[in-house]
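Colleague: First the structure, which I've put down as structure tokens, then a few questions once you've had a look.
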């Protein structure tokens, strides 16, 4: 029956005789067979018996079988088929219930699957499934590891903003390093498309009274501020309906701050939040209440009540000035690092410096290299656009408990945050329950490298800001975590990071209810080949767990020699995970290297609690986050609490 169907689909393509590689590729696509060109090219060459670059219908049939026949799928099919040829509707229901843990299973669901994936009409009409149809179903999105219910917004979005992890970027305007790399609008567009909800804009005085965006004291190129926010306006809500926060690193003079304020109001219009919401005069609103809104994060003058009373008044030329303490050692170190960078480039940038006092003056903001205060000037017009995201310097947990207001947010550098998280984790978590806290990379990361964000998610930090332009493990974790909740960029924190009565400490887990996770890594499908001349397709897989310190672990398979097309491991791994709500699972595929070390081939990261049980397909992504379809892993997953 399958042979008859197969020949009916391909005969017309061979009426003119043999076909070449390009026509072979097109015919496979016509048959809905996803395949990598590099693998098809090799298989075509192996099956072209006359080595003329053209194949017969029988040779094509052999290629098709190599690409679609997977022994591991045949074994599952035969286990549930009564005659090893056809799955009856009841057989499919049994498989979905017993192996895939499909809840609320019914013949109706089984029938829908048959109608969608069974290609042979007479089998489909009989409400049955052939091996061909079963293979297509097992290779479909419905059988992916990531739960379908996590692909949509399913969490309660009516909690205050501080109850959520918020996808956040650092130096969003950069697409390379921080010293001489280009600034590019693509940095903002790309971040927004990936679901990022907090963007950083580094603002400086520009020529012709136009504020510019670039990495100060360096040779990075410049973008007009108004052009940046126009791009943000276009893409802000393309991926997510939930609020976008513009985190301004404001180095502009008051005059150009007024221009920034005008640009923001003109560009965003009603989308720009410029006053308190009536229902939230003294608490942070929820993502739901702020749908399609843009929030400005910046320094602010006075209270929200005063801002409300000034609404509609003329603010032109009105400026406030005050001295602000540089409260912590890390900030002094970072100012000094910036100061050193400015010395490197001063001949190019033409900055003026007082050699004796070590003071560098920058467009209305004076930074003191050695003193512990700095003077700030802010235009009232810009200040009044800051509502629920007022930037406030972090001084201490005690100071925050006594004086910090609900709408004041802190930004803490990674070095200081790491020290605090290790020494005073409970106080840090108490702080992040009440106040939005942003963690950013240290200034010495001139190459735009990233830290591991997991350690700061573990203590409830809402905005863990990463350099989105830099691929690697940190961005894999970022992308994996924010797959959840429909990729909305907002994930409700676990109850123990929200509730005041909780005494959770990620380094001292008590009274936990661990999950036992079992993963049987069965096989790989069309794994990518590297460009390395030494690559022989010697493949292995590493499974890693990221979460609280006690849950961090990894295990790996043996190496399958000279087979990247269809390696079979059939190895089982078990993990005990104490805090599953914070755990991420990462699959990494590598090619074994004897001299230069293993070579990265692809990876996939996702939250543990977004993992389907049963036989599942694991898609793979490149180092840059691009899909490597049809490359994937085939696994069996089981976990129980």
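Any Cβ shown, glycine's included, is placed from N, Cα and C.
Sharing the record's features from Swiss-Prot:
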ACT_SITE  170  active site
ACT_SITE  215  active site
DOMAIN    35-70  domain 'EF-hand'
DOMAIN    155-299  domain 'PI-PLC X-box'
DOMAIN    382-498  domain 'PI-PLC Y-box'
DOMAIN    498-622  domain 'C2'
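Thinking about packing and proximity, how do these listed features fit into the structure?
Modeller: Annotation note: residue 170 (active site) sits in a coil segment as assigned by DSSP.
Sequence-distant contacts of the domain 'EF-hand' (35-70) (same chain, at least 6 residues past either end, Cβ-Cβ under 8 Å): 6-7, 10-11, 14, 17-21, 24-25, 27-28, 132, 135, 523, 525-526, 528-529, 565-566, 630-631, 634.
Secondary structure of the domain 'PI-PLC X-box' (155-299) per DSSP (helix as H, G, I; strand as E, B; remaining residues coil): 44 helix, 31 strand, 70 coil.
For the domain 'PI-PLC Y-box' (382-498), the model's average pLDDT works out to 95.
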Colleague: Just the number: how many Å between the Cα atoms of residue 170 (active site) and residue 215 (active site)?
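Modeller: Cα of residue 170 (active site) to Cα of residue 215 (active site) measures 11 Å after rounding.
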Colleague: For a three-state summary based on DSSP, what are the helix, strand and coil counts in the domain 'EF-hand' (35-70)?
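Modeller: Per-class counts: 23 helix, 1 strand, 12 coil.
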Colleague: Quick one: give me the count of other CB atoms within 10 A of the CB of residue 170 (active site).
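Modeller: A count of 26.
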